[in-house]
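Could you have a look at this structure, given as structure tokens, before my questions?
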Amino acid sequence: MRICFLLLAFLVAETFANELTRCCAGGTRHFKNSNTCSSIKSEGTSMTCQRAASICCLRSLLDNACDSGTDIAKEEESCPSNINILGGGLKKECCDCCLLAKDLLNRNEPCVAPVGFSAGCLRSFNKCCNGDIEITHASEIITGRPLNDPHVLHLGDRCASSHCEHLCHDRGGEKVECSCRSGFDLAPDGMACVDRNECLTRQSPCTQSEDCVNTIGGYICQRRISRLVPHRHRANRIGNAPRRMRDDPYSRAGEYREASQANTEFGCPMGWLFQHGHCVDVDECNLGSHDCGPLYQCRNTQGSYRCDAKKCGDGELQNPMTGECTSITCPNGYYPKNGMCNDIDECVTGHNCGAGEECVNTPGSFRCQQKGNLCAHGYEVNGATGFCEDVNECQQGVCGSMECINLPGTYKCKCGPGYEFNDAKKRCEDVDECIKFAGHVCDLSAECINTIGSFECKCKPGFQLASDGRRCEDVNECTTGIAACEQKCVNIPGSYQCICDRGFALGPDGTKCEDIDECSIWAGSGNDLCMGGCINTKGSYLCQCPPGYKIQPDGRTCVDVDECAMGECAGSDKVCVNTLGSFKCHSIDCPTNYIHDSLNKNQIADGYSCIKVCSTEDTECLGNHTREVLYQFRAVPSLKTIISPIEVSRIVTHMGVPFSVDYNLDYVGQRHFRIVQERNIGIVQLVKPISGPTVETIKVNIHTKSRTGVILAFNEAIIEISVSKYPF
């Protein structure tokens, strides 16, 4: 029975990854600016951010030391020996690796690095091997530009063309950085990712009652079944991501279950799993919990498994790293056997030598020579002298139309551009520049296509071939008319991007611009664009104000129009009162036995005063203790909330010591207002939210008292308050 596991992997939050990237970039930038990694100014205050900045700063320091060592090796023939300074060891290592590459080039040896070089050493070795050669269509070796030339590699393409197996990070430096997903470690070459064996590297990832089984990218904690099956669920894990065993009745979270009474004394041996009252075989091959290498095939057995060596057919070759079998194509004169190309002995299988000749087998071919000739290949006996003399094969026309060069015991044909001489087959063969000089023939933004005697470079979409036939130049779609952007076009390497003017957003087709309705977006957000009304326009918006208001220079604020200042009320018997959004003309109307204080003795703003005048015979008038009636007119906006009291009116009584004044609010309603007293001043305040349009009238009784508390005078203040429809 096969046991399947559901693997659940939790991804690290993108915001946290972006935070670490920002912190790392800060450390890199610190080294570039200061050339040190002390007193790093981190992008964040957390210990995690500071640690990331320190790591990336030291990485930049070591990369700089390696590059410095490479530069020294290009100019000098010896490397610095001071390895006790920070980065000194890596500087000398990269210098030695570059000198090794130069030695191989000087001896015309293949520039191939051995296994075991560090990532920095390998980069220096390859730079000194490949950075100074460039192959043209004619296969001539000339001096060219290195691969990190900004004209060859566009920054935007570097991750797309990198050899990172998992993740690539382009931080804008000289090179990109590779990293691996959770459960993998970066290989020494700095690009490949290898599985991390958590069962060996982590400290007790599983409990004592569980076996740790390594898997690709994670591990599994596999429970051992003891006498008592009940077991609190423990999640199987890949890295830190929990997963649950399917069809396992004892793997459900928070459950306890017991085996039947008939099986409570039953225990399963290693390689078996207790399930549904029985011990069932664990298929280690299907679970991937076996340790067979890539050169072996896992075969499940009852309670265990075995590893059988993989075998390939006679015409196949086994990859020593992956174990895969690939077909072998042998050249003429060879046949495949046991994964190798073996020479065909034409002298046995058949040849065309004459009667006076004998057949001599050669690698991949054969030759006919005079019988009894004891000379080596390429030589023949001189009948007169009895000595072996070189055979001038060029006189036999062996090279055809090509130039022939006779050599002791052999010959060589001088091949044309794009060809090379195969000494075993004695013929000129086409050079596949795309394979032999991979990465150095065409731009990284191009595909290399081999042709007979040459090669061609085919650029990727968005690029065009330069005049040298090898480099790819970016096509500016914005200026050539390829781009169909409605408003603005921005060229990027290999493509383009449409952008819109302010007030527009890019549509779904990526070319057309759609108007943004700013009024709808901001409506009801508490941060409206306009104080009054908002009207959307193409690419913008327009603010309007209600009647009685005017727009301010900022284009969004509304202020009240003071109609009274414009002389709207005419006549001395009227008082013009400006309200929010309007105005009122109040006729001066005093009660009986009161006359208008035309001299405005009490200096009432937005109102008037009426003074009592009685004849000596009018006892009723004389009995009225109210000496003065004040009329005030005020305006307030509609307010949904009030954080602190708002002053509406201020009444001043000009009475000094030893007299005192009391202010009392005579007001019936929802109690939106109150009056507070500061010495001889009464202040009317709005204390509760109020909505308009409406008019509120309140009365304030003013009593003047003597030092002994006797009321000496009565006065009244009648305040009419206009509440606006708007909150401004």
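Backbone N, Cα and C atoms are what each Cβ position is placed from, and that goes for glycine too.
Summarising the annotation, Swiss-Prot assigns disulfide bond to C23-C49, C24-C56, C37-C57, C79-C95, C159-C168, C180-C279, C292-C307, C347-C359, C394-C404, C519-C534, C545-C558, C569-C585 (among others). Positions annotated as domain 'Anaphylatoxin-like 2' by Swiss-Prot: 65-96. Here Swiss-Prot flags 97-129 as domain 'Anaphylatoxin-like 3'. Annotation comment: Swiss-Prot describes 343-389 as domain 'EGF-like 4'. Feature annotation from Swiss-Prot assigns domain 'EGF-like 5' to 390-429. Annotated domain 'EGF-like 6' per Swiss-Prot: 430-473, in sequence order, evidence recorded as sequence analysis.
Help me understand the surroundings of these features in the structure.
For C56 (disulfide bond), the same-chain residues lying six or more positions away in sequence with a CB closer than 8 A to its CB are C23, C24, A25, G26, G27, T28.
The number of other Cβ atoms within 10 Å of the Cβ belonging to C57 (disulfide bond), over all protein chains shown, comes to 24.
If you average pLDDT over the domain 'Anaphylatoxin-like 2' (65-96) in this model, you get 84.
Packing around C79 (disulfide bond) is summarised by its Cβ count: 18 other Cβ atoms lie within 10 angstroms of its Cβ, all protein chains included.
Cβ environment of C159 (disulfide bond): C168, H169, D170, V176 lie under 8 Å away, each six or more residues apart in the same chain.
Its own atom aside, the Cβ of C307 (disulfide bond) has 15 Cβ atoms within 10 angstroms in the protein chains shown.
Helix, strand and coil residue tallies for the domain 'EGF-like 4' (343-389), in that order: 4 helix, 18 strand, 25 coil [DSSP].
All protein chains included, C347 (disulfide bond) registers 16 other Cβ atoms within 10 Å of its own Cβ.
Sorting each residue of the domain 'EGF-like 5' (390-429) by its DSSP state yields 4 helix, 18 strand, 18 coil.
In this view, C404 (disulfide bond) is surrounded by 17 other Cβ atoms within 10 Å of its Cβ, with every protein chain counted.
Around the Cβ of C534 (disulfide bond), the same chain contributes E518, C519, W522, A523, D528, Y541, L542, C543, Q544, each under 8 angstroms and 6 or more positions distant in sequence.
Around C558 (disulfide bond), the same-chain residues at least 6 positions away in sequence with a Cβ under 8 Å from its Cβ are M531, G532, C543, C545, P546, Y549, K550, I551, Q552, F728.
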Could you state the CA-to-CA distance between C180 (disulfide bond) and C49 (disulfide bond) to the nearest Å?
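Between the alpha carbons of C180 (disulfide bond) and C49 (disulfide bond) there are 20 Å.
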By a simple count of other Cβ atoms within 10 Å, which of C37, C180, C292, C519, C585, the disulfide-bonded residues in the record, is least packed?
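Relative to the other disulfide-bonded residues in C37, C180, C292, C519, C585, C585 has the fewest Cβ atoms within 10 Å.
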Need the DSSP three-state call for C180 (disulfide bond) to compare against my parser.
coil
Around the Cβ of C23 (disulfide bond), how many other Cβ atoms lie within 10 Å? Please give the count over every shown protein chain.
23
